[in-house]
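Working notes for the structure below.
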Amino acid sequence: MQGSARRRPFPAAAPGSPPSVGTHFPGRHGAGKGEDTSKTSPFHLDLWFYFTLQNWVLDFGRPIAMIILPLEWFPLNKPSAGDYFHMAYNVITPFLLLKLIERSPKTLPRSMVYVSIIMFVMGASIHLVGDSVNHRLIFSGYQHHLSVRENPIIKNLKPETLIDSFELLYYYDEYLGHSMWYIPFFLILFIYFTGCFTPVAEESRMPVAALLLLGPSSLYYWYLVTEGQIFILYIFTFFAMMALVMHQKRKGLVLDSNGLFLFSSFIITLLLIAAWVAWLWNDRILRKKYPGVIYIPEPWAFYTLHVNNLLPAKESF
């Protein structure tokens with residue numbers, strides 16, 4: 001009886017037959033290593049379109065909305081329309097970045113992604129406060145093409161220690177906030193870029209929709225780099241992408257449509273930055289504001305210097 005009660009081992013499965021219920025499948029991470037170079041992703045039209053749209057509306061459009069909308073709607077001691085745009089940006093952008101990482105055909109380091117998202121939200125929130133105050137100062141005569149201490153409305157502050165407080169605010173806005181905002185942002189894009197390679201050469205082409213989004217996407221990155229004063233971070237990211245492309249090419253791998261779209265956007269951005277610098281190369285006032293080897297003026301400094309000063313002259317006619 002005891003011998004008949006013993007469980008018999010499962011017979012070996014015939015070739016081509018489906019596995020039995022008890023068959024063990026390799027774990028997700030184990031399968032991911034073999035799929036890194038075989039799986040490919042179609043072009044993420046929805047995500048790249050949402051990225052471009054919300055970047056233009058919520059980031060580039062926030063100071064414009066603050067200037068255009070009537071001041072009576074948003075008093076100077078209350079958050080402006082641009083601040084609400086910034087709040088929406090701080091929520092939507094991390095969500096889109098996470099969705100982008102989820103669609104990568106390659107298993108990416110989740111811990112690094114999560115830490116980067118946390119730093120991104122912290123940096124963007126710090127920037128929200130500093131940028132809100134700095135842009136509201138425009139209505140009081142603050143000129144972005146001048147340093148904090150050179151601004152006429154700052155020079156007359158009493159006691160003079162208040163000037164140090166405004167410089168601290170400028171530091172949180174332009175340096176600490178930008179660093180904690182943009183470093184994780186470009187890091188996440190690069191992490192995603194590492195999974196955008198395929199052995200199929202026919203998949204290394206962009207659809208028509210990608211070509212249509214290429215211009216607006218590149219133009220936004222130009223604004224991001226110039227206004228954020230993050231050319232060093234951008235160019236190092238671009239060089240890292242270029243080195244990775246050359247390294248993967250030796251393995252017989254090429255960029256898929258998503259990687260090609262991101263890489264092409266960075267290339268066009270570099271050309272736009274070069275044209276921007278060449279156009280303002282001989283501007284003596286901006287040269288004084290941006291000394292040093294790397295001379296890349298901010299668009300808003302150009303606005304307060306050349307565009308904003310023309311508005312009163314036009315209204316007088």
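For all residues, glycine too, the Cβ spot is worked out from N, Cα and C.
Annotations in TrEMBL come from automatic prediction, not curation.
Annotated region 'Disordered' per TrEMBL: 1-37, in sequence order.
Residues or ranges marked as compositional bias 'Low complexity' in TrEMBL: 10-22.
Long-range neighbours of the transmembrane segment (47-69) within the same chain, counting only residues 6 or more positions beyond its ends whose Cβ lies under 8 Å from a Cβ of the stretch, are 80-83, 85-86, 88-89, 92-93, 96, 99-100, 103, 135-136, 138, 209-210, 213, 216-217, 220, 223-224, 258, 261, 300. Among the features that TrEMBL reports, transmembrane segment is placed at 47-69 (among others).
Under the heading transmembrane segment, TrEMBL lists 84-101 (among others). Only residues 6 or more beyond the boundaries of the transmembrane segment (84-101), in the same chain, are considered here, and those with a CB under 8 A from a CB of the stretch are 44, 47, 50-51, 54, 57-59, 61-62, 65, 108, 113, 117, 120-121, 124-125, 127-128, 131-132, 185, 188, 191-192.
Residues or ranges marked as transmembrane segment in TrEMBL: 113-130 (among others).
Feature annotation from TrEMBL assigns transmembrane segment to 181-201 (among others).
If you look at the transmembrane segment (208-224), the same-chain residues 6 or more away from its ends with a CB under 8 A from one of its CBs are 43, 45, 48-49, 51-52, 55-56, 59-60, 182, 230, 234, 257, 260-261, 264-266, 268-269, 272-273, 276, 299. Look at TrEMBL and you will find 208-224 (among others) tagged as transmembrane segment.
Here TrEMBL flags 230-247 (among others) as transmembrane segment.
Outside the transmembrane segment (259-281) by six or more residues, the chain places 43, 48, 189, 192-193, 196-197, 204-206, 210, 213-215, 217-219, 221-222, 225-226, 231, 234-235, 237-238, 241, 245, 295-297, 302 with a CB less than 8 A from a CB of the stretch. According to TrEMBL, the transmembrane segment annotation covers 259-281 (among others).
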Folded-back contacts onto the transmembrane segment (113-130), same chain, C-beta under 8 angstroms, at least six residues removed: 83, 86-87, 89-90, 93-94, 97-98, 101, 169-170, 172-174, 176-185, 187-188, 191
